[in-house]
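Participant: First the structure, which I've put down as structure tokens, then a few questions once you've had a look.
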Amino acid sequence: MCRLWGFIGAVSNDVNLQDNRIKTSKYNIFTFLPINLFEQFQRVANAYFSVLLILQLIPEISSLSWFTTIVPLVFVLVITAVKDATDDYFRYKSDQQVNNRQSQVLIRGRYSMIFLCLSHLHTQFGKIILYWIHTQADILLLCSSEPYGLCYVETAELDGETNLKVRQALTVTSDLGDISKLMDFDGEVICEPPNNKLDRFTGTLYWKGNKYPLDNEKMLLRGCVLRNTEWCFGMVIFAGNSWFLMVLFSTSISCVYIFLLCLDGKVTDSLINILSTLTVVLFLPWDTFQISAVFSGFLTFWSYIIILNTVVPISLYVSVEVLRLGHSYFINWDRKMYHSPMGTAAEARTTTLNEELGQVEFIFSDKTGTLTQNIMVFSKCSINGQMYGMEDQSHLFKFFDSSLVEAIKMEDPAVQEFFRLLALCHTVMPEEKSEGNLVYQAQSPDEGALVTAARNFGFVFRARTPETVTLCEMGRTVTYQLLAILDFNNVRKRMSVIVRSPEGQIKLYSKGADTIIFERLDPSSENLMYTTSEHLSEFAGEGLRTLALAYKDLDEDYFKVWMKRLLFASTVIENREDQLAVLYDEIELGMKLLGATAIEDKLQEGVPETIACLNLADIKIWVLTGDKLETAMNIGYSCNMLRDDMNEVFVISGHSLQDVHRVSSAGHVEKTDAFADDSVFEEAIIAEYALVINGHSLHILLDLACLCKTVICCRVTPMQKAQVVELVKRHKRAVTLAIGDGANDVSMIKTAHIGVGISGQEGMQAVLASDYSFAQFRYLQRLLLVHGRWSYFRMCNFLGYFFYKNFAFTLVHFWYGFFCGFSAQTVYDQWFITLFNIVYTSLPVLAMGLFDQDVNDQNSLRYPSLYKPGQQNLLFNKRQFFLCTLQGMATSFLLFFIPYGAFPLMVKEDGSPFSDQQAFAVTIATSLVIVVSVQVRLQISQNTAKTGLLNEKRVLFLSWFDARLLLDRTRHALLDCSQSPLHMGEPDGVLCHIICNAERRLVWHFSEQFPIYR
């Protein structure tokens, strides 16, 4: 709990308070090197190779020079350090820009109070600040240039939203508009510590013997920009590193790369291979004069740890990160995912999940704003048991019914009370753009549509102050005293206001979900409730969004007692929300039903086609919505999720285990004894089924739901959305994706493996919490079937080829060990070992991982079934890894034993033998590079100019490097006693070598292209 006092004093060293400096950069010029190296060596790969480097410095163990490990390691460390330094430099520049902004701080001069323009570093707790544009601290709004202490702000720096939000000062402080009045302000604020929730603040202002509740609507957080407001005064609540956004940043958890787990596994695999080598060594004791066989085996073990470490080189880590970064840029640059009306492009907000986009089996989607446009239009209504509304209305105002117009003209009390409720029960702010042109600033499209409907039927919402709401009712101006607002939230699912009419009557007006409102109705409304329920079902059957409306007359004495309890609860710091919820529930009991509204929200463009395409890709789509059952089913049919050709559509609704079992038994959807085993049951389901279920039933029938092609879950709360995703993640080994557009979808998006945010009408909370974002649901099809599939295909091919070439490269040492007494002697030149992965074989494999395509994007969308191998993980699994390593072992075997058998038969031009170790090594190295070059050319599905050019450059570099060795014998001892067979005019052995290695792959490649010959 924080206790702050508003004070006005000179800025001096006597005031021992934290300044307002922010620091998001991690390094300075002195700490960069040690801190960055410490962070990098916390990665398993870097730590592993640093241990290898230390071992290489021990002469008794290592037969390799230190540079064979340190060159690749330093290369990786330098690249990462440069990236980290660049990012941190930009953070430093941003910090400097913010820290050097000026603030008007109220201080005590010698004769009077003055505002002094100071760096906002001096903006300390409790100071009074005058702001013109940017807020530089978290402040309590005291007053502003607008009437009633209103303040319009833009919070794009906080939550990405560009729409204006309204903040309002307390009534008691709204008139502190000049220095003389501010001199008298000595309030004390007690509040909760800063948290990581931008929409929550709990505090109490103590001033002049009174207590005033404070919430988020009274706060201006740092980063807000004033709009349509000339100036505002505020008291600093949080500054420096304690402001809300800094706390939000500090609690964010870095994403741990999944690849590190894979790398750990491969490192372990390489250690197993090395242990196998050690087993052979221990049974082949060549040195009979060794004093201790155990000690000899110990040294040999660590020697082969060093020699065989290239099975998993450190360049693999860097290469994977480069590929993931490239795949992310391809998503960002895709013009076919750019939404021109909103000017919004697709954005990959993470680089670590691109391959998982090609393996998604379950999609969990919100409905409103995700499948629909979230542009609400008042369509129909039910008032006092009478349904109003007609089809084929105009575009601007889609409601017309002459009977309702007549009822308004006749001043029907129920009709008037209905539209009066719509005009009073909301949080909309009116703005008069021009003479007679009233524009409503609504926080949700639903509220805007309902207030607009009330205006069009003669109940015009004109103005709002902290204490009053002014309407124009059928041409007559009426001002209501606003006594209390009972806010809407995702738990309450309703909103209420308490007002006093000009006649002195106190009324409560409430609107919300029909199930919630019906639970709180007076028994006298029972018959009307049944009639309205039928109308609601009809509205929902047409796919309309519905709300129920009710009111209650309040007794003056009861309300006074309740209001005292409310004021006390609203000033409590701890458990304030719980205490308020109890009071809200109490006063909202016994309401009388007025009717219901029906709002139309059309589907987005391309939604049915997208869902049909994803279904063909064998992706199961679940829609999680808070709407009624009938509304959910109607939307399901509209967007092609539910179809008439489906074998069955099961509808299951229940609030208890017994209810669910009863409904499921009646529908014959329970597993029989023959299908008790999940795997048997899953194989037996060969037709298409759909399931419509409520939130209470889903966890009971999870196994059944996962077998259905489509699942629609209605009446689901935001918490239940996340629980549904968690259930599927926990019980099914499948990649899940959640997509939504609003704040109520954030928990679901964060729970799924992959989160996708739609930038729409409900702000940017979902986008900020997501891994990928775009403007329309239809772009999900391209994200998964094109970019996801390509990323998975490319990464699998890359990994398979990478392990193949490194096993082929490394295991030559293993075969050589049988002929050198396992003395840890290497075959290749040490510079070749150093440069093999970072020079000779780096660019072609990267080109394959970045640009290769088995089919183009048009065919990927035309044939969605091509997506299925990713779901079944067919392209890179244990079997594929074993085949890659087996192929690499076979290649290494041929690379070693063909020269071993051929060299004794080869002689030079002068008749001297050709069989020296150096020529043997150069032959293997040359053949290795050419063989893996042929392999990558055969493995590439689409031989583009990019991949081909890089491949040819590698072979040319090899020839150039070999020629340079030939010309400079003095610097390369191996050429004093031998020359490459290519330069000695003896290419026959190398050519035979290459053909024998490539023949296997050529035969397999031919059989893949022409299956008839397989």
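Backbone N, Cα and C atoms are what each Cβ position is placed from, and that goes for glycine too.
What you see is a predicted model, and the numbers here were worked out from it, not measured in a lab.
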Participant: Which of these, K336, K507, K511, K564, does TrEMBL say binds ATP at the same site as D366, K367, T368, E447, F488, R545, T625, G626, D627, R715, K721, N744, D745?
Facilitator: K511
Participant: Provide the number of Cβ atoms within 10 Å of the Cβ of R715 (ATP binding site), excluding the reference atom itself.
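Facilitator: Step by step: centre on the Cβ of R715 (ATP binding site), count other Cβ atoms within 10 Å, giving 19.
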Participant: Within 10 Å of D741 (Mg(2+) binding site) (Cα-Cα), which of the recorded positions D366, T368, F488, R545, G626, R715?
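Facilitator: Of everything listed, what lies within 10 Å of D741 (Mg(2+) binding site) (Cα to Cα) is D366, T368.
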Participant: Quick check for me: are there 3+ Cβ pairs below 8 Å between the transmembrane segment (881-907) and the transmembrane segment (301-320), leaving out pairs under 6 residues apart?
Facilitator: no
Participant: Taking D366, K367, T368, E447, F488, K511, R545, T625, G626, D627, R715, K721, N744, D745 as the record's ATP-binding set, what's the max Cα pairwise distance in Å, rounded to a whole number?
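Facilitator: Among the residues the record ties to ATP, max Cα distance equals 24 Å.
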Participant: Same chain, outside the transmembrane segment (798-819) by at least 6, Cβ under 8 Å from its Cβ: which residues?
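Facilitator: Long-range Cβ neighbours of the transmembrane segment (798-819): 266, 277, 280-281, 284, 304, 307-308, 310-313, 316, 319-320, 323, 825-828, 836-837, 841, 845, 848-849, 875-876, 880-881, 884-885, 887-889, 891-893, 895-897, 900, 924, 928, 931-932, 935-936, 939.
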Participant: Using DSSP, would you call D745 (Mg(2+) binding site) helix, strand or coil?
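Facilitator: The three-state answer is helix.
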Participant: List every residue in the same chain as F488 (ATP binding site), at least 6 positions away in sequence, whose Cβ is under 8 Å from its Cβ.
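Facilitator: Result: R494, M495, G512.
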Participant: Among the recorded positions listed here (D366, D741, D745), identify the one with the smallest other-Cβ count within 10 Å.
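Facilitator: Result for the recorded positions D366, D741, D745: minimum number of other Cβ atoms within 10 Å at D366.
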Participant: Across all the protein chains here, work out how many other Cβ atoms are within 10 Å of the Cβ of N744 (ATP binding site).
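Facilitator: Its Cβ has 21 other Cβ atoms within 10 Å.
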Participant: Taking the Cβ of R545 (ATP binding site) as the reference point, list residues of the same chain whose Cβ is under 8 angstroms away and which are at least six residues distant in sequence.
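Facilitator: Once residues fewer than 6 apart are set aside, R545 (ATP binding site) is near T368, M376, D446, A598, I599, E600, D601, D627, T631.
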Participant: Whole-number Å distance between the CA of R715 (ATP binding site) and the CA of D366 (active site, 4-aspartylphosphate intermediate)?
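Facilitator: Given the Cα positions, R715 (ATP binding site) is 12 Å from D366 (active site, 4-aspartylphosphate intermediate).
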